[in-house]
Amino acid sequence: MKQLWQQRLQQHHREMLKYSRYVFNEFFTLALFIFLGALAYGYSGLLETLSGQLWWAKPLMLVLFLCLLSFGRLATLLQQADTLFLLPKESALLPYLLAARRYSLWVPLVVDVLFFGVLLPFQVVATNLSASSGLLLCLSLICLKDGQLWLQLLNVYTVSLQKQRQRGWLFYGLAALILSFGLWLPWLGLGLAVVAVTVLRLYLPHFLAGARFQWQAAVNNEDSRMLQLYRLINLFTDVPQVRGKVHHRVYFDPVLKLIKKRQRQTFSYLYLRAFLRGTEYFGLYSRLLIVGALVLWAIPTWWLVLVLGGLFLYLVGFQLLPFYHIFDENLFVYLYPVSIKQRVKSFRQLVQSLLLVQALVFAVVTFWTLSLAHWVLFIGLELVITWWLSRSRFMRQLPNR
């Protein structure tokens with residue numbers, strides 16, 4: 001079974017490596033570095049405005065810790081066929097699951113360490129906790145995450161969903177209590193976390209002795225976990241495992257009626273209809289629009305607002321490019337008496353319209369946070385980026401992509 005785990009893990013790594021080339025392309029990587037640099041600058045500026053102990057700092061840290069604890073699930077890499085072909089090997093499955101549990105801890109561990117590295121300056125400035133206390137809190141959270149993965153391993157041997165939910169609520173309540181102690185007495189928090197995980201670990205063999213592995217529930221959990229990962233990757237490239245859904249958003253019907261029924265506007269109607277009634281690109285556009293508006297509203301530095309506003313506009317424009325090929329597998333569109341040039345023009349007009357709507361929303365948000373001169377400069381920059389994206393070389397290369 002350990003050999004089977006190694007084979008599954010290698011297959012999973014090859015698949016993720018293949019998709020990583022599309023996710024971390026040069027344009028997204030550049031935008032990501034600029035975005036992280038801008039956030040780091042804004043974060044350092046925020047820290048300079050804080051002084052003394054803040055009463056809300058520790059409760060905020062507790063909420064962030066609990067949110068961070070929910071990141072990362074047991075990755076079993078089980079497949080639907082395993083419910084049949086591995087059923088005779090159920091008694092030998094535990095070494096496979098233990099290897100899966102150890103693997104599942106690595107990503108949360110790295111995320112926890114990075115998170116505490118980012119949070120440490122805020123902790124030192126806003127609370128009475130030292131850097132060593134932050135290290136103890138990090139170790140406490142890692143111990144609790146380890147315990148949570150043991151609990152998830154226990155759940156795949158549990159039939160009752162109600163019992164699983166009760167254990168989950170009990171675990172988060174206990175974790176909140178332990179982390180609360182840790183925020184005031186870090187050594188005590190670490191000690192309680194170690195004791196809690198040890199008790200759970202000692203209890204586990206006693207429970208598993210007479211339990212049956214819930215094959216279908218375990219496979220469904222793994223499918224759900226992988227679907228979340230595929231949806232994230234699908235923001236950058238097409239993933240066969242993710243199928244978009246169609247929703248008739250009635251409130252957008254008046255927008256569709258604005259397009260006149262003319263031959264040259266055939267693809268204008270098709271692209272707009274597919275965008276407004278789809279889930280993938282409409283959801284991507286909506287999320288980036290909302291996140292961008294909130295970020296611009298929260299940042300007080302005017303030049304940083306200009307940089308991030310342009311960056312969000314660039315990200316949306318670049319991520320919309322694959323939408324051009326949404327009808328490529330529909331044979332009927334090749335029968336339309338509409339040239340490729342007209343199709344590209346219709347798509348360019350859609351992207352330009354969406355970017356103008358985004359720029360308008362950003363302009364409304366920043367009107368209350370920027371001076372008049374900086375606001376006019378911001379609008380000018382947004383219009384220039386919109387014009388450049390809708391006429392860039394990426395648009396000209398669309399028919400060949």
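Placement of Cβ uses the backbone N, Cα and C atoms for every residue, glycine included.
With a threshold of 8 Å between CB atoms, the same-chain residues lying at least 6 positions outside the transmembrane segment (21-43) that come near it are 118, 121, 233, 236-237, 299, 301, 304, 307-308, 311, 314-315, 318. As annotated by TrEMBL, transmembrane segment applies to 21-43 (among others).
Annotation source TrEMBL lists transmembrane segment at 55-75 (among others).
Packing against the transmembrane segment (103-122) from elsewhere in the chain are residues 9, 43-44, 47, 50, 57, 61, 64, 68, 71-75, 131, 134-135, 137-138, 141-142, 145-146, 149: each is 6 or more residues past its ends and has a CB under 8 Å from a CB in it. For 103-122 (among others), the entry in TrEMBL reads transmembrane segment.
Taken from TrEMBL, the feature transmembrane segment covers 193-211 (among others).
Within its own chain, the transmembrane segment (305-327) has Cβ neighbours under 8 Å at 27-28, 31, 34-35, 38, 235-238, 270-271, 274-275, 278, 281, 284-285, 288-289, 291-292, 295-296, 299, 333, 344, 347, 351, 354-355, 358-359, 362, 366, 369-370, 374, 377-378, 381-382, 385-386, 389-390, 394-395, 398, 401, counting only residues six or more beyond its boundaries. Residues or ranges marked as transmembrane segment by TrEMBL: 305-327 (among others).
Residues annotated as transmembrane segment in TrEMBL: 347-366 (among others). Residues 267-268, 271-272, 275, 285, 289, 292-293, 296-297, 305, 309, 312-313, 316-317, 320, 323-324, 375, 378-379, 382-383, 385-387, 389-391, 395, 398 of the same chain lie 6 or more positions beyond the ends of the transmembrane segment (347-366) yet place their CB under 8 Å from a CB of it.
Annotation comment: TrEMBL describes 372-390 (among others) as transmembrane segment. Counting only same-chain residues 6+ beyond the ends of the transmembrane segment (372-390), those with a CB under 8 A from a CB of the stretch are 302, 305-306, 309-310, 313-314, 317-318, 348-349, 351-352, 355-356, 359, 362-363, 366.
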